[in-house]
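Listed features, source TrEMBL:
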type	residues	note
DOMAIN	56-144	domain 'PPIase FKBP-type'
DOMAIN	168-256	domain 'PPIase FKBP-type'
DOMAIN	280-367	domain 'PPIase FKBP-type'
DOMAIN	391-479	domain 'PPIase FKBP-type'
DOMAIN	490-525	domain 'EF-hand'
DOMAIN	535-570	domain 'EF-hand'
SIGNAL	1-26	signal peptide
Amino acid sequence: MAFGARGWRPLPPPLLLLLLWVTGQAAPVAGLGSDPELQIERRFVPEECPRTVRSGDFVRYHYVGTFPDGRKFDSSYDRDSTFNVFVGKGQLIAGMDQALVGMCVNERRFVTIPPKLAYGNEGVSGVIPPDSVLHFDVLLMDIWNSDDQVQIHTYFKPLSCPRTIQVSDFVRYHYNGTFLDGTLFDSSHNRMKTYDTYVGIGWLIPGMDKGLLGMCVGEKRIITIPPFLAYGEEGDGKDIPGQASLVFDVALLDLHNPKDSISIENKLVPENCERRSQSGDFLRYHYNGTLLDGTLFDSSYSRNRTFDTYIGQGYVIPGMDEGLLGVCIGERRRIVVPPHLGYGEEGRGNIPGSAVLVFDIHVIDFHNPSDSISITSHYKPPDCSVLSKKGDYLKYHYNASLLDGTLLDSTWSLGRTYNIVLGSGQVVLGMDLGLREMCVGERRTVIVPPHLGYGEAGVDGEVPGSAVLVFDIELLELVAGLPEGYMFIWNGEVSPNLFEEIDKDGNGEVFLEEFSEYIHTQVASGKGKLAPGFDAEMIVKNMFTNQDRNGDGKVTAEEFKLKDQEAKHDEL
């Protein structure tokens, strides 16, 4: 046993009595040890004592050694180091060998050892006189035995445990590292960063390599490691002393293997799945992104906007590029992405390095840039001989929705039809094409990809960008249009004296009022027809302007020509 030379003052009797009262321990009892002259007072015994010292165990303890008059002859505290020794193997004085047996970690004993169980009638020259009674105030810090193995106590295990740690897996976990007496020596929580490592390939102390095997993500366990499976006789040279048992309170957050691919769990697949996504498609989907322990790192729902991207072309992380293939519109699936197919060792933003990512996705729609419109006719009347064409004036009802069924607009709810001239650019191109070759009374569904709808921009507050649109249409009325390039035609032969008929006052000049009155008269009598769906006055004014070639506000006989007499057709 090593010795020190500093002085020590004993506790005053009242304070000693107070300490005994607080700890609830009995006064000294002779004969508690194997020898009746050995006195052991148990000054503090912890409530939990899973293990006590046996002969052959290795212990680490602090002590203060004093004579009966209170003079200190030695103290481990002065050396700032525990005394480390095997019990029952003759490495201690006989009285201490006996006094340590049965102690718990954190137990404090006050031991009175008679000379015959200490240094006898010889003493220790210059330190302990012959026939000295010795008092030791002992605090046990650690126990282990060379037969010990890693001890594992799981105090929380999730209900679902689809996978456990195997050799060569990479894990991310939090831990508190303490000694057996509860002293904290390290904590990943304090650094606010997980400990990330491979398991079973020598990157960890052997005891931790073994203690982590079989854990589930979300599991919490206490791993107790004897020093010969930890840092051994030398410790780590910093915070961990030699021969120290270590206790790790571990919470596993993440687990993967470098050989892992993505995993897909289908949560909901619509019964009607006419098309599945392929590489090159453009998808709009919602998602919640979490870590394996359930920590949310991102959500499209929180932004109230879908994530829109091409798939299979490197616009998203490789794991998502693969995981989004083969989905149906309306499908919900979970995609688990290992870090080598996610954000790798570096992570990104609030995603830690080497993190496994879990995406719960809901596919809203998808399309391909090569898509055209899709038309499904649900009903055609028996007489469906007159079909709509460019230039026709149409009145129809519609419901407009997204592919997921979200209603955007409805003329039925407004109680009035939507009226357009087909081919005049009054609706998006996909709708214009979808209304062609339709007969009155027909009902059809037209699916319009965004490049034929409202494009990437959409309509602010109404139509999302890059959205596929679904129109359920019923055509109620069709007014045949004029031939392309005409805004007015004659229903029959044209009078050879047309200018004279228009120029009622015979002054050789026609003003807008005369021209307009004549055209409207011809339309009213059925002799002429204006293009349906347009402002009649605007058409007449444009016709007059085209005839007024010098722009002086009147048309002369020399200026006046029919459309088929023009060198080229002026569009009216």
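Cβ coordinates are placed from backbone N, Cα and C, and glycine is handled just like the others.
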Summarise the model confidence on the domain 'PPIase FKBP-type' (56-144) as a single mean pLDDT, whole number. 96
DSSP helix/strand/coil residue counts for the domain 'PPIase FKBP-type' (56-144): 13 helix, 37 strand, 39 coil
Can you tell me how the residues of the domain 'PPIase FKBP-type' (280-367) break down into helix, strand and coil by DSSP? 13 helix, 37 strand, 38 coil
Helix, strand and coil residues within the domain 'EF-hand' (490-525) as assigned by DSSP: 18 helix, 3 strand, 15 coil
